[in-house]
Amino acid sequence: MELKKSPDGGWGWVIVFVSFFTQFLCYGSPLAVGVLYIEWLDAFGEGKGKTAWVGSLASGVGLLASLGCGLLYTATVTITCQYFDDRRGLALGLISTGSSVGLFIYAALQRMLVEFYGLDGCLLIVGALALNILACGSLMRPLQSSDCPLPKKIAPEDLPDKYCIYNEKGKNLEENINILDKSYSSEEKFRSILANGDWKQESLLLKNPTVTHTKEPETYKKKVAEQTYFCKQLAKRKWQLYKNYCGETVALFKNKVFSALFIAILLFDIGGFPPSLLMEDVARSSNVKEEEFIMPLISIIGIMTAVGKLLLGILADFKWINTLYLYVATLIIMGLALCAIPFAKSYVTLALLSAILGFFTGNWSIFPYVTTKTVGIEKLAHAYGILMFFAGLGNSLGPPIVGWFYDWTQTYDIAFYFSGFCVLLGGFILLLAALPSWNTCNKQLPKPAPTTFLYKVASNV
């Protein structure tokens, strides 16, 4: 199915506006959950690893809120990619800054709400604000396929033959009618046995209209047969669609770059998400005094993430920049910054590292761009849904793993070395898959014809 040409404007800017506020309302609170993480530690009195599950599930998989966030994120990204082509990087950068601005505002808002209304009151107010997403969703209009009107519902008896997987309509109808005839004949036999048995039973049959009705009209039998056949064909078609989906998924993973992208995003979220959840507690564990906090570290991450998303999105629109290599560069630099966190013992160094991590976390704005270039706009929704599932899985696993490392060693050093290693490993795997020399080697292997031709020419000489 081919979609209409991307308008690169018009109603697309309305899509950008509502997508921005959708991500603002949806992801602002989960990304700023580090403020609530300290409250949960004090409220529950559990270890850091176990408590981290609360925040990670809010941003990953496993809860209704995270399920809704995942659906909303995929919807906003997919519809934006459909409406923009030449300015896709800018549009994605604008909508993805919604979550970063939300992180910055919700970090201060949730701290204030906890002070005034307590933890429970804060969560109730945040949930009420999220209901405004319904108004944003009502303005999203997906592009129709080119020269193709919206499908109309048709009655089962008017179903065209092209929807039948096996062209055996006449045969199947006859088989269904024969089955009905057999059922009617067996019913008549039963009645004859009863009639020959006792006159009381025969009088009961005459009083009961459902039993004395010996034969239905021919049209009714045909209609029942058609309905039975339609149900069979519908089941076969659904099974065929399921097989096609599985086949398309396997075909996606045969793409070397897509497979590397899947590994990279999983490792990136395992290692890259914990700072936004745990950075406040890292500062407290490093004995940084509260008087030194000019601005919350989570707010710094939020501001720089917004800047990074916008600038990286603009860079992605330049034709001379390879977006895949740009994404790899963000992973490598971010992995090195994560490994440097154990050496930061003051607010200034932690704030600087938070700014670096926030800026390169802005690579979320170019990730849909990279996915589109890898699989094409037609397969974007399918591919992006798979990638976002594993991204959510990484979000869920990362903070508890880092928390368990702290509970085990009573320091965050090994935890952030592990996080940095995961992000670096994902970046280098993606880099190896994207190298042109790798593609050249693969393309030259199945071409023995020129060698045979040269051999024949040499033998003739």
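Cβ atoms here come from the backbone N, Cα and C positions, even for glycine.
Listed in TrEMBL for this protein:
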TRANSMEM  12-37  transmembrane segment
TRANSMEM  57-77  transmembrane segment
TRANSMEM  89-109  transmembrane segment
TRANSMEM  115-135  transmembrane segment
TRANSMEM  257-273  transmembrane segment
TRANSMEM  293-312  transmembrane segment
TRANSMEM  324-344  transmembrane segment
TRANSMEM  350-371  transmembrane segment
TRANSMEM  383-402  transmembrane segment
TRANSMEM  414-435  transmembrane segment
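Counting same-chain residues at least six beyond the ends of the transmembrane segment (89-109), those with a Cβ under 8 angstroms from any Cβ of the stretch are 12, 16, 19-29, 31-32, 34-35, 76-77, 80-81, 83, 126, 276, 296, 298-299, 301-303, 305-306, 309-317, 323, 358, 362, 364-366, 368-369. Here the transmembrane segment (257-273) sits against the transmembrane segment (414-435); at least 3 CB pairs are under 8 Å, leaving out pairs fewer than 6 apart in sequence.
Note: the stretches the transmembrane segment (414-435) and the transmembrane segment (12-37) are not in contact (fewer than 3 CB pairs below 8 A, sequence gap of 6 or more). Counting same-chain residues at least six beyond the ends of the transmembrane segment (293-312), those with a Cβ under 8 angstroms from any Cβ of the stretch are 31-32, 34-35, 93-94, 96-97, 99-105, 107-108, 111, 275-276, 279-280, 283, 326, 330, 347, 350-351, 354-366.
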